[in-house]
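K.L.:
Would you mind keeping the following structure in view while I ask a few things?
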């Protein structure tokens, strides 16, 4: 019996959702989100979640599964996603998104320490500041410190958290156990100028859809200190609401920071030779992707 996983990845604003909907409808399959912010409820416009209408077309999973005050670990994401994949392999489920580590955890079968978040420990570590935390990491887990950027607070805290809970460096608890089922990885890309244009259009559309109002509502409900408010788009709108930026300045900053983020995503995904790349602007995109899927997974046109 034919079975396999279809991955659609690439930088933000490259059309992953639209392509995924086309393929999933043709295969009568499901879409599993691989986006680290779309897991959170109420953070909708700024995370470019599929619209309710799009979600009505095809079953979507791992969207709106967490309270914004919660933290979803990579291990928890991997467990949830892998369970969905295993149950739907014969329908060729689609894993879709731009969070490279989420996708890597599945396609590489990453071995991830099952250490639950430790709020008190994190609070104590955060009080030390990122610079001191990174210095501690260099002492207790040199290997991890060489892989983690000095300014990457999330990964630094996680590495220290695992070390203090288990007594073993996270680098010694990691490895890979790739799945045995077939996987086709489809990457979407376009020229830098086209991506810039798409990001500008998307940002304007978000603002027109009520992005500012979304953030105002979230601040009223949760206060100003949610970690998610430090992420792309939300941080800039928060600065606008606090009078630090005009709305046009916030828009320009969102566009700039999104372009920088997209560049990092491109660099990440380009490092994996198994990804088959397609020009998202091609009028034959869907046909070309289906040809690849048919060739690799034995799908019937």
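Yeah, the Cβs are placed from backbone N, Cα and C, and that goes for glycine too.
As the structure is a computational prediction, the values presented were derived from the model and not from experiment.
Checked Swiss-Prot, it gives:
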type: BINDING; residues: 10, 11, 12, 13, 14, 15, 16, 17; note: ATP binding site
type: BINDING; residues: 12, 13, 14, 15, 16, 17; note: substrate binding site
type: REGION; residues: 35-38; note: region 'Interaction with substrate tRNA'
type: SITE; residues: 99; note: site 'Interaction with substrate tRNA'
K.L.:
Treating G and I as helix alongside H, and B as strand alongside E, what does DSSP give for the region 'Interaction with substrate tRNA' (35-38) in helix, strand and coil?
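P.N.:
The counts are 0 helix, 0 strand, 4 coil.
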K.L.:
Report the residues of the chain - excluding 10, 11, 12, 13, 14, 15, 16, 17 - with C-beta within 8 Å of the mean position of the site's C-beta atoms, for the recorded ATP site, in sequence order.
P.N.:
98, 188, 198, 280
K.L.:
Measure from the CA atom of residue 99 (site 'Interaction with substrate tRNA') to the CA atom of residue 16 (ATP binding site) and give the result in Å, rounded to a whole number.
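P.N.:
For residue 16 (ATP binding site) versus residue 99 (site 'Interaction with substrate tRNA'), the Cα atoms are 12 Å apart.
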K.L.:
Can you give me the Cα-Cα distance between residue 14 (ATP binding site) and residue 99 (site 'Interaction with substrate tRNA') in Å, rounded to a whole number?
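P.N.:
Answer for this pair: 14 Å between alpha carbons.
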K.L.:
What whole-number Å value do you get for the CA-CA distance of residue 15 (ATP binding site) and residue 99 (site 'Interaction with substrate tRNA')?
P.N.:
15
K.L.:
Note down the number of other Cβ atoms within 10 Å of the Cβ of residue 99 (site 'Interaction with substrate tRNA'), including every protein chain shown.
P.N.:
20
K.L.:
What is the separation, in Å, between the Cα atoms of residue 99 (site 'Interaction with substrate tRNA') and residue 13 (ATP binding site)?
P.N.:
13
K.L.:
With every protein chain in view, what's the tally of Cβ atoms within 10 Å of the Cβ of residue 11 (ATP binding site), excluding that atom itself?
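P.N.:
Its Cβ shell of radius 10 Å holds 26 other Cβ atoms.
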K.L.:
Inside 10 Å of the Cβ of residue 10 (ATP binding site), count up the other Cβ atoms and send me the figure.
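P.N.:
A count of 26.
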K.L.:
For the region 'Interaction with substrate tRNA' (35-38), what is the mean per-residue pLDDT, to the nearest integer?
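P.N.:
Across the residues of the region 'Interaction with substrate tRNA' (35-38) the model's pLDDT averages 98 on the 0 to 100 scale.
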